[in-house]
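Peer 1: This is the structure I want to talk about, given as structure tokens.
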């Protein structure tokens, strides 16, 4: 889930 | 970036421009829910506040600015420039019914208890239901113009394509964003009824009409 908070999507 | 996400983004941009072009060229906002457009503007403003402190890519930045400016322009056209053509009598969905639950959900489900993360979660939940005033309006008037139908189809396809992108990203990079995925699935389900009508009526050259 760590990648989730990066918000690299629109 | 993968093909599903790219197609999703293209579909999203297409939807935004179909709507802007329709209102501009017909000089009319008839059949368009101003309330849905206000909700989408809130969604973009709440989600893209990170423009000021996080840089992902030029592509992301350009798209974010595009969505914010296009949605503001749409709201301006509906409520100011072509206000006389706006069908306010049929645009009666109470937006607090989606704003308040989205805010509550954001306080329950978020990745960290910071202002920007809460705003991000809020925008994800609000986006899932922001189209409800528009769908409500179509049901109330009993029909939608073909260009409005194309707009709704492109806008609905965008999140459906994102679901394929999330499945792909889960298997290729182990990326999983439960908040976006759950809200995205709800968002896509809301369009299912419309997708059915679109395929069975609009694509066969008929006008989209809803049974009473």
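Note: Cβ is positioned from N, Cα and C throughout, glycine not excepted.
From TrEMBL, for reference:
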TRANSMEM  B:62-80  transmembrane segment
TRANSMEM  B:92-112  transmembrane segment
TRANSMEM  B:118-139  transmembrane segment
TRANSMEM  B:151-172  transmembrane segment
TRANSMEM  B:178-199  transmembrane segment
Peer 1: In the same chain, which residue numbers or ranges, 6 or more beyond the ends of the transmembrane segment (B:62-80), come under 8 angstroms Cβ to Cβ?
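Peer 2: Non-local partners: 9, 12-13, 16-17, 19-20, 23-24, 29, 32, 34, 37-38, 40-41, 44-45, 48, 51, 86.
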Peer 1: Under 8 Å between C-beta atoms and at least six residues away from its ends: which parts of the chain pack against the transmembrane segment (B:178-199)?
Peer 2: 109-111, 121, 124-125, 127-129, 131-132, 135, 138, 149, 152-153, 155-156, 159-160, 162-163, 166, 208, 210
